[in-house]
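Per TrEMBL, domain 'Acyl-coenzyme A oxidase N-terminal' is recorded for 21-146. For 149-258, the entry in TrEMBL reads domain 'Acyl-CoA oxidase/dehydrogenase middle'. Annotation comment: TrEMBL describes T152, G191 as FAD binding site. Sequence annotations record features per position, and here TrEMBL assigns domain 'Acyl-CoA oxidase C-alpha1' to 288-449. Annotation comment: TrEMBL describes E434 as active site, proton acceptor. Summarising the annotation, TrEMBL assigns domain 'Acyl-CoA oxidase C-terminal' to 488-667.
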Amino acid sequence: MPATEVNKDLQNERKKCTFKNEEFTVWWVGGEAKLKEKRFREKFFLGEPEFFDKVPLHFVSHKEVYEESVRKATVIFRKVKQMQEQGKDGVDNYMALLGGLLGSGIIKEGNPLGVHFVMFLPALMGHGTPEQQAEWIGKAWNCEIIGTYAQTELGHGTFIRGLETTATYDEKTKEFVLHSPSLTAYKWWPGGLGHTANYCVVIAQLYSKGKCHGIHPFIVQLRDEDTHMPLPGISIGEIGNKLGMNGVNNGFLGFKQVRIPRTNMLMKNAKLLEDGTFVKPPSSVLTYGTMMFVRVVIVRDMANYLSKAVTIATRYSCVRRQSVINPDQPEVQVIDHVTQQYKLFPAIAKSIIFKLTSDNLWDMYNQVTSELDKGDLERLPELHAIACCLKAVCTADAAQAVETCRLACGGHGYMTCSNLFGTYGMVTAACTYEGENTVLLLQTARYLLKVWTQAMKGQELVPTVQYLKSFISNKNQRQAWDDSVPGIIRGLQTVAAGKLRLAYEHIEQRKRSGYTQEEAVNLTSIELSRAADAHCRAFLVQSGYEMIEKSCTALSPELGRVVRDIYELYAYDEAVKAVGDLLRFTTLSESDVTRLQQKLEDSLAAIRPNAVGIVDSFDIPDMVLGSALGAYDGNVYERLFEEAKKSPLNQEPVNKSFHMYLKPFMKSNL
């Protein structure tokens, strides 16, 4: 498309901004140094001609999407090596290139090498002994071998204790025999498994001396390193087309009596001695370390994808004019409709709160990991519980928010070239991978039930559940309502505690009626999942509030006011959505509800002049946005028309189907 001027409506929006975009961007990315690295990285990669699509990928076949994704992935990591040679090394390069911003801008349908870096390598580091790490990590880091992580099976996903793949130890040969006893035991879904990876960390049920010792990780070679042909006993392939992520090359994998050395069991935690003796790990939860790492990464990725969606929809809403508010005035910008603001601005707030909370969670993960290395497991259950519910709530909310952004763009949002469909496909996938959301909420609830019993006994509680002590000590158990943000946090915590108390009491009642513990929990599972959801939402509001207030000490008054507007909107929106629960568990009255709604609407009005300034400050290049609706210049209609002309059907004036089918049909005198 030829260079054109910036759309005047969008330019006028930028003039309204009350803060300096660059200051926001520096805060957003984590400092001047990180912003400099980010922009260098983007210039280094986005200027590469090999990353430009000659034909938009939505016009090519499924097979071609994969092949093009592999080609781009190899170019990406060759260029990473070039950066390393220039002394610009670091984990941030990998995080950016595998995440929801730069990475998804280059490979729109997902990176087939993503799981290699995000799960295969962390599994080797988290579960391998020093000797195993020395043998495998160098090869994997240099991509001499390409790996994936195979846990989910055709018949079992989040319930990993039900996995069917077996690894049976043969004491005579000092080998494990991997086997898929049924079709449902086939591994199903691992990214890169179909045709990309030649190695794999396989999660299987360990058998030795006739006894099952539960699930454990094993490193398995799948394909010949030179020919890439599947090895004997390996049944492998790709699972087919999906709603999104069609470049990821998700695959299936079956084993028929495949033998691997005993030393291929990753034994940092659990061990199997040569004679078949099993040595338990210090904690069974250690096996789930890789999943916890990925869940931390997912929360950050949801913020990234959502920041793209809100940038597209906000810019489009300033360019699009539709309907009149005053009959004697022309059509207004769609963003001037308060209903449109309510679609967009809470989604902007979510992207920011999710990102800040992911930073908080990342610090917590690193702290707990360092404690684990010293043998301290005390905070591991807390991290597991908060990572589970954050993954569930953030993915569900992000998927809903991206879809709301698409709907906010009307019919044009339905077009593939808006990139809202593609973004939704990437985000909604996260609602089920690495733990189905309802199951994850129930895992958090199980932790909360244990903590509740500790709180009732007066025992010390870890920080994320400290609020339960205040709830129990409050004899009335109805929190006095206060519509400040700290008051809303206390109110939401009271809702979470109240729901947890009722769920606990109902479980106990059902047990007294003759149900087993497991049956009682199942019958109370709706309440339990809602209690976990409430716990997570209170944590998100609290985390966002604390992170922003901490940041404001170093921000200008102008920017400080804007970021406070953001967390206030997030808090008011969460409170309005929880009005029924707040009426039940706090002293909230009808007049309080009216006041809360007014505060919500006032927050929308406060953010309105700065909406474009905020999304501009996310600093997302047009190539990363990949959207005809959301480009920086705002020339929506010109870009839509240019995209339409790229359709293969527009490369000839008459399609052959006219002569083959339509013309004979029309002449047939039906």
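Numbering starts at 1 and runs along the chain as displayed.
Heads up, the Cβ atoms here are built off N, Cα and C, so glycines get one too.
Whatever TrEMBL says is automated annotation, not expert-curated.
Known features from TrEMBL, placed on the structure.
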{"residue": "T152", "record": "FAD binding site", "contacts (Cβ under 8 Å, 6+ apart)": "K187, W188, W189, P190, Y433"}
{"residue": "G191", "record": "FAD binding site", "contacts (Cβ under 8 Å, 6+ apart)": "G110, P112, G114, V115, T148, M245, V248, N249, N250"}
{"residue": "E434", "record": "active site, proton acceptor", "contacts (Cβ under 8 Å, 6+ apart)": "M291, V294, R295, I298, K391"}
Secondary structure composition of the domain 'Acyl-CoA oxidase/dehydrogenase middle' (149-258) [DSSP: H/G/I, E/B, coil]: 6 helix, 49 strand, 55 coil
Helix-strand-coil residue split for the domain 'Acyl-coenzyme A oxidase N-terminal' (21-146), DSSP-based: 93 helix, 0 strand, 33 coil
